[in-house]
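Feature annotation from TrEMBL assigns domain 'tRNA-guanine(15) transglycosylase-like' to 15-370. Annotated substrate binding site per TrEMBL: D93, S94, G95, G96, F97, D147, Q191, G218, in sequence order. Per TrEMBL, the feature active site, proton acceptor maps to D93. Sequence annotations record features per position, and here TrEMBL assigns region 'RNA binding' to 249-255, 273-277. If you look up TrEMBL, you'll see D268 marked as active site, nucleophile. The Zn(2+) binding site feature in TrEMBL is assigned to C306, C308, C311, H337.
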Amino acid sequence: MNLPGTFTLGPGDGSARTGRLTTAHGEIETPVFMPVGTQGTVKSLCPDDLRTIGARIILGNTYHLYLRPGDELVAKMGGLHRFMAWDGPILTDSGGFQVFSLSGLRRITEEGVTFSSHIDGSKHLFSPEKVISIERNLGSDIMMVLDECVPYGADRAYTEKSLGLTTRWATRCRAAHAPLDRGQLLFGIVQGGFFKDLRAESARQLIDLAFEGYALGGLSVGESRAEMYDILYDATPLLPADKPRYLMGVGAPRDLLAGMAAGIDMFDCVLPTRNARNGTLFTFQGKVNIKRAEYREDDSPLEADCPCYACRTFSKAYLRHLYVARELLSYRLNTLHNLTFFSRFMAQARQAIREGRFEAFRTAMEAAYPETDA
Ligand SMILES: O=c1[nH]cnc2cc3nc(NCCN4CCOCC4)[nH]c3cc12
Ligand SMILES: [Zn+2]
């Protein structure tokens, strides 16, 4: 068994690549999509479901788990793997993004970011050292540094100033967690907004800090697809080729394809789980809005060749009924299907890259997911 942090590249196709990342809780084949388990659960699924649908690594949110039930409690319960009975790899983000998107009254200083809890309004400080301590308590296999996700539309001066703070925070995170300590990996997050030279500067500064992997942050923050792709294609090659590259918060099938084409190895997004709960289902023929009247008497499965329990057992008519009736089983079946689709989509993408036919795969999938449809 390789040491955690070992990243071995497999066959590639253009800039798209396959790889294998070793973590303390197992190996991950890349490119990989990570289902989001915000509060220590991938909503409506149990760990057995995650194994059945082929999930290899899941994401937990440091911000949420710190506020509730508390990272010290999770540590006392043996860490997040034991607490949630998931023995596969877990990546925890640093919480910075959630602080900006969820909490009120936040203030950024050199020390860190102070904020009030969205749950009870209590005051908290996330410093680089505090965030690393929380992620170490959770026992995550891959920890993310504390960074500032620069808001979309920030001007150059603000973006440049923020980049410097993000690097100083990354430096403090690295100092707080020695490489591979307890088998826990630490990834840096490149910022720099939508300024290519600032992105290059951020990447250069973080590469000097020798992280075990590198993420592109500050994207999927409200920009147009063209703006995201412009930065994606320009910044990804700046990340070390021999380390995992993670595009945070992405995304829709079309964006996964673009990310893989650019050389991204890891993705996470709430899309498949959140859309499952609002009746939007993903298939290889495109999206299905299960609440549509056209499915009212449709006795056929959602996707004939999908191996998931929902498709093997129930008709579209029944899935539609459950959704319209707001039955709890709707969340579970729709989530089982959507995550099975994302898992199959990534497995087919990996195979296409290995066989040198990724562009053909991308073209076929983009036909099912046209620009307007994401
Ligand atoms: O710079 C970042 N630093 C640390 N974490 C992040 C997480 C991020 N997540 C998104 N986008 C998520 C967009 N979602 C798309 C689907 O609907 C919900 C929002 N962008 C992100 C940027 C960062
Ligand atoms: Zn299915």
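Here the Cβ of each residue, glycine as well, is placed from N, Cα and C on the backbone.
Feature map: annotations from TrEMBL on the structure.
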{"residue": "D93", "record": "substrate binding site", "DSSP class": "strand"}
{"residue": "D147", "record": "substrate binding site", "DSSP class": "coil"}
{"residue": "Q191", "record": "substrate binding site", "DSSP class": "coil"}
{"residue": "G218", "record": "substrate binding site", "DSSP class": "coil"}
{"residue": "D268", "record": "active site, nucleophile", "DSSP class": "strand"}
{"residue": "C306", "record": "Zn(2+) binding site", "DSSP class": "coil"}
{"residue": "C311", "record": "Zn(2+) binding site", "DSSP class": "helix"}
{"residue": "H337", "record": "Zn(2+) binding site", "DSSP class": "helix"}
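With a 10 A radius on its CB, C311 (Zn(2+) binding site) counts 24 other CB atoms from all the protein chains.
Spread of the substrate binding residues is 15 Å (greatest Cα-Cα distance among D93, S94, G95, G96, F97, D147, Q191, G218).
Reported as a whole number, the C-alpha separation between G218 (substrate binding site) and C306 (Zn(2+) binding site) equals 34 Å. In this structure, the binding-site residues that sit close to ligand 2, with a C-beta under 6 angstroms from any of its atoms, are C306, C308, H337, chosen from D93, F97, D147, C306, C308, H337. Taking the binding-site residues G95, G96, G218 in turn and counting surrounding C-beta atoms within 10 angstroms, the largest count is reached at G218. Within 8 Å of the Cβ centroid of the substrate site, not counting the listed residues D93, S94, G95, G96, F97, D147, Q191, G218, the chain contributes M144, V145, L146, E148, C149, I189, G217, M248.
Note on proximity: of the recorded positions D268, C308, C311, H337, the one nearest F97 (substrate binding site) is D268, by Cα distance. With a cut-off of 6 Å between Cβ and the nearest atom of ligand 1, the recorded positions D93, G218, D268, C306 reduce to D93, G218. The Zn(2+) site is defined by C306, C308, C311, H337, and by the 8 Å test on Cβ atoms against their centroid, the other residues of the chain that qualify are P301, L302, E303, P307, Y309, A310, R312, L336, T340, F341. In sequence order, F33, M34, P35, V36, L59, L91, Y246, M248, G249, V250 constitute the residues six or more apart from D268 (active site, nucleophile) in its chain with CB-CB distances below 8 Å. With DSSP classes pooled into helix, strand and coil, the tally for the region 'RNA binding' (273-277) is 5 helix, 0 strand, 0 coil.
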